[in-house]
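Undergrad: The structure follows.
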Amino acid sequence: MDTKIGALDVVATPNGNIGCPPKTGATCCIQSSAVPFNSGEATLGRHLARRLVQVGVSDVFSVPGDFNLTLLDHLIAEPGLNLVGCCNELNAGYAADGYARSRGVGACVVTFTVGGLSVLNAIAGAYSENLPLICIVGGPNSNDYGTNRILHHTIGLPDFSQELRCFQTVTCYQAVVNNLDDAHELIDTAISTALKESKPVYISIGCNLAAIPHPTFSRDPVPFSLAPKLSNKMGLEAAVEAAADFLNKAVKPVMVGGPKLRVSRACEAFVELADASGYALAVSPAGKWLVPEHHPRFIGTYWGAVSTAFCAEIVESADAYIFAGPIFNDYSSVGYSLLLKKEKALVVHPDRVVIGNGPTFGCILMKDFLQALAKRLKKNTTAYENYHRIFVPEGHPPKCAPMEPLRVNVLFEHIQKMLSSDTAVIAETGDSWFNCQKLKLPQGCGYEFQMQYGSIGWSVGATLGYAQAATDKRVIACIGDGSFQVTAQDVSTMLRCGQNPIIFLINNGGYTIEVEIHDGPYNVIKNWNYTGLVDAIHNGQGKCWTTKVVCEEELIEAIETATGAKKDCLCFIEVVAHKDDTSKELLEWGSRVSAANSRPPNPQ
């Protein structure tokens, strides 16, 4: 279950941790023979292409521009690398985000400033989600730096640093390559930093440099060997001792997995702790999929007032709770309304542990801590037994009358039946968050959504990228009409790549999530002929099937076709829903977030 990156040489440590574990089944496509310096292949562009392949990137998402064209030639020439041309830079960034979620690392290539600032929003989202993403920008000619010249694609000033300064806040490393002598070092440092920090990096490459041979590129790049992060041994022992004492005194402790289990590569360690302790285990909304829902003591999603039925009651009534890798923001806390007490919480961050109101133990890796703690806890199944006593099986929505307008809860009951280990769910920001959260994921079923950043339209590009990386799964994307209008173009790229996702376009006439926070005429959007649009994008090229459904009978028929006769096609199913047909969770969540947003200023 841990996220794995590429085909790297790794350094094993005494406790079994490794700096960068290899992806199962991955192969390194780097040729073993050296290329002489006088060969045209001994170039910066070739080195970058080989490095991308080496870390596990087989597909790069790009938009051409005059500053990156020569670089794209060299990326295309790499046998192990496939260039995926996107319709715009924002979607290229979203696709690299989705790709990184499946493959462990992603990459995109755009042009200077007009491309860089367009992709910036997607890079910020990847930063918030702790995804290693390599953003490559074709930069100005190296001779233009420091000349006081004004270039196109800029804001008309001779200072070329505007783009760099923007990226400094949303990447963990920035490399501006405007000479060949240190290009090798800058590129390698950027890529290795992305892998070590699990954050995006920015690489700008002068447009005149990609094709020039240089002695530093005359041999195949030495495989990365990333030094592992280690826990402070004495601090780890002290933290485990204090945590075990804290938890073993509790009567009904529980544990909740959060989104930073992924970046900490601690998913399996979290399950080990659950197995050893007997505690009831839940996930925070952004932690869904990181914890196996088929676990015998899994109790659902803890999301305050909009939790899975009976989950919040067990978590909030516990006398001790472990939160592993949480993010407590206004969305995940439902407008700061969680009924939790700090003195009852043991919070495990990727590199530190906080017990109640103190103490805090630093320089401790989450994986090490959870594994060590599992050996020290007494078995305690009280919380799960309480859950089992109060649990009432979830009901089913009322049966639809013949040809009755389709309800959203009926739609998701049918989506539930589609899920298997061969599928993955992409949930767009909006009511799909709440409806998809209630899906019960079979073992091996993927699940992704972007909760921290919550950028509408993310799912179209993410579907493209995830499907390109996870060729063993069929992606089921649930997208609202408002979000789809932001990024619809790259359905075109899915068709060019021969992908076969099933896209459920939920057409309810507006920005429903915004309606439930604060309504106004700005939340109503122009209705499109969505199936007609996708048919026009298809234009007879590639495999595509579209349909519009307005009742359960049509939905059943559409799903049968999409999973049967059209299983090799991109299937676009427009689902017409009433504008006020939302999940009860969104209604509750929206009112609480609205209350948090509208708090009056504190007295000065």
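Cβ coordinates come from backbone N, Cα and C, glycine included.
TrEMBL labels come from automatic prediction, so no person has curated them.
Heads up, here are the entries from TrEMBL:
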- Asp481, Asn508, Gly510: Mg(2+) binding site (BINDING)
- 43-148: domain 'Thiamine pyrophosphate enzyme N-terminal TPP-binding' (DOMAIN)
- 240-359: domain 'Thiamine pyrophosphate enzyme central' (DOMAIN)
- 450-575: domain 'Thiamine pyrophosphate enzyme TPP-binding' (DOMAIN)
Undergrad: Determine which residues of this chain, when Asp481, Asn508, Gly510 are set aside, have a Cβ within 8 Å of the centroid of the Mg(2+) site's Cβ atoms, and list them as they appear in the sequence.
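TA: Checked against the 8 Å cutoff, the neighbours are Gly480, Gly482, Ile506, Asn507, Gly509, Tyr511, Thr512, Ile525, Ala577, Lys579.
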Undergrad: Taking 10 A as the limit, how many CB atoms besides its own sit near the CB of Asp481 (Mg(2+) binding site)?
TA: 25
Undergrad: For a three-state summary based on DSSP, what are the helix, strand and coil counts in the domain 'Thiamine pyrophosphate enzyme N-terminal TPP-binding' (43-148)?
TA: 53 helix, 22 strand, 31 coil
Undergrad: Reported in the order helix, strand, coil, what are the DSSP residue counts of the domain 'Thiamine pyrophosphate enzyme TPP-binding' (450-575)?
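TA: Helix/strand/coil tally for the domain 'Thiamine pyrophosphate enzyme TPP-binding' (450-575): 58 helix, 28 strand, 40 coil.
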Undergrad: Please spell out the DSSP helix, strand and coil residue counts for the domain 'Thiamine pyrophosphate enzyme central' (240-359).
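TA: Secondary-structure composition of the domain 'Thiamine pyrophosphate enzyme central' (240-359): 41 helix, 26 strand, 53 coil.
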